[in-house]
Ligand SMILES: C[S@@+](CC[C@H](N)C(=O)[O-])C[C@H]1O[C@@H](n2cnc3c(N)ncnc32)[C@H](O)[C@@H]1O
Ligand code: SF4
């Protein structure tokens with residue numbers, strides 16, 4: 001900070017925000033202090049909670065000079081107070097400043113870990129800041145001492161379930177279900193043996209997956225059915241053991257699914273399938289990825305880590321041929337069903353799916369998958385190292401007969417560190433330029449950084 005000298009010795013001047021949304025300050029002796037709740041450009045007092053040789057962990061006590069970006073949190077459960085909910089980390093920072101911070105994280109990662117500087121930093125893709133989270137995992141606990149059942153996220157830095165009565169990041173109708181759900185579980189025989197309710201919203205259905213450790217009594221099943229009757233759109237799924245055991249309580253009624261109207265595509269899914277958390281942003285993300293990839297009628301496209309076909313089917317409305325590859329057999333089965341459903345309604349390019357572990361990928365396998373002009377890559381947090389490495393190896397060997405590296409790659413990432421590592425490989429060893437990159441604000445108020453990057457073959 002420019003007037004750091006004027007900060008009294010017992011106060012700290014905050015310079016930056018780390019990935020956990022903690023303010024970062026530096027003491028005169030160079031020691032770094034991470035301050036929960038402090039924001040860049042603030043002058044604060046903080047109580048040290050943990051002391052190490054090079055750093056300290058501290059808790060905000062008082063803000064003496066406030067950041068212009070500090071805002072009043074919308075949710076009463078957000079904060080530093082005891083019992084505060086740990087579901088959000090940045091509600092005290094203006095949403096535009098959150099996006100700016102994520103953009104900096106992306107650029108810093110690309111540069112420091114990948115030595116890559118995108119030719120263009122794209123405008124952030126933004127959506128609603130509230131009510132965006134259509135997927136969530138609520139923990140459920142019967143707290144005898146308080147004679148209540150809690151349904152919510154974990155408290156900040158704790159294993160306890162926060163006592164939340166409303167939640168602003170899930171849709172309003174889901175927030176309104178929190179207290180009724182507490183009452184429901186509190187009235188059930190299985191009050192002690194239902195540790196979790198998973199939420200998966202579709203366009204018409206609110207699926208609630210109840211994890212139960214013991215078989216449910218007839219009375220409990222009747223209560224679940226009465227709850228669904230009372231709350232239109234709620235559909236109960238039961239999970240007695242692992243994710244494979246999830247079953248719909250009662251068949252019939254509308255199917256859980258989402259649509260991508262721009263492409264005329266419908267995507268039925270099961271609540272245990274991977275789907276993007278934020279459906280508003282997902283629509284813009286799919287549309288942006290396709291605009292950037294620009295698949296032509298005469299081009300073949302490969303969609304790596306294709307999930308249930310979220311990008312594959314829209315690609316099939318534009319390209320000559322599409323191949324989707326994904327690790328989960330269940331998701332590949334779903335993507336085939338979704339292909340059949342949509343192909344019966346509208347023309348789609350020939351599309352095939354394959355199940356494969358993409359964390360292992362030899363150059364020969366890449367050649368066997370066939371040449372494609374364009375690639376869409378959307379890996380989990382671990383990234384797509386094996387894929388980028390195979391591409392780099394083929395580039396070093398000057399390719400293979402009858403095979404050509406893709407001309408363009410659009411990479412959608414939920415972890416800037418692995419994106420940066422893979423970008424480094426693509427740019428410095430596989431012959432690509434990083435022509436554009438930008439953030440996608442998929443998870444407002446959290447520290448998660450979703451982003452999208454474009455790579456063009458340099459020749
Ligand atoms: C970020 S999701 C993207 C899914 C899809 N593109 C979408 O938009 O819904 C990452 C996908 O990678 C898959 N995956 C995870 N590990 C994998 C692996 N080792 N090999 C192949 N796929 C994997 C997951 O099952 C998941 O579907
Ligand atoms: S996750 Fe929901 S309840 Fe928790 S702080 Fe965020 S908005 Fe509030």
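Quick reminder: no glycine exception, Cβ is built from N, Cα and C everywhere.
Where the annotation comes from TrEMBL, it is an automatic prediction and has not been curated.
Across all of the domain 'TRAM' (1-62), the predicted model scores a mean pLDDT of 87. The domain 'TRAM' annotation in TrEMBL covers 1-62.
The [4Fe-4S] cluster binding site annotation in TrEMBL covers 75, 85, 88, 167. Classification of residue 85 ([4Fe-4S] cluster binding site) by DSSP places it within a strand. Cβ neighbour count for residue 85 ([4Fe-4S] cluster binding site) (all protein chains, 10 Å cutoff from its Cβ): 21.
Taken from TrEMBL, the feature S-adenosyl-L-methionine binding site covers 276, 305, 310, 326, 357, 378. Counted within 10 Å of its Cβ, the other Cβ atoms near residue 305 (S-adenosyl-L-methionine binding site) come to 22, all protein chains included.
Under the heading active site, nucleophile, TrEMBL lists 414. Long-range Cβ proximity for residue 414 (active site, nucleophile), meaning a same-chain Cβ under 8 A and a gap of 6 or more residues, is found for 380, 381, 442, 448, 449, 450.
Checking the binding-site residues 75, 85, 88, 378 for a CB within less than 6 Å of any atom of ligand 2 leaves 75, 85, 88, listed in sequence order. With every protein chain in view, the residue among the binding-site residues 276, 310 whose Cβ has the most Cβ partners within 10 Å turns out to be 310. Binding of S-adenosyl-L-methionine is attributed in the record to 276, 305, 310, 326, 357, 378, and the widest Cα separation among these residues amounts to 20 Å. Across the domain 'TRAM' (1-62), DSSP classifies residues as 3 helix, 33 strand, 26 coil. Taking the centroid of the Cβ atoms of 75, 85, 88, 167 as the [4Fe-4S] cluster site, the other same-chain residues with Cβ within 8 Å of it are 77, 78, 87, 91, 153, 164, 168, 169, 445. Residue 276 (S-adenosyl-L-methionine binding site) sits 23 Å from residue 75 ([4Fe-4S] cluster binding site), taking the C-alpha atoms as the reference points. The Cβ of 75 has fewer other Cβ atoms within 10 Å than any other of the binding-site residues 75, 88, 167.
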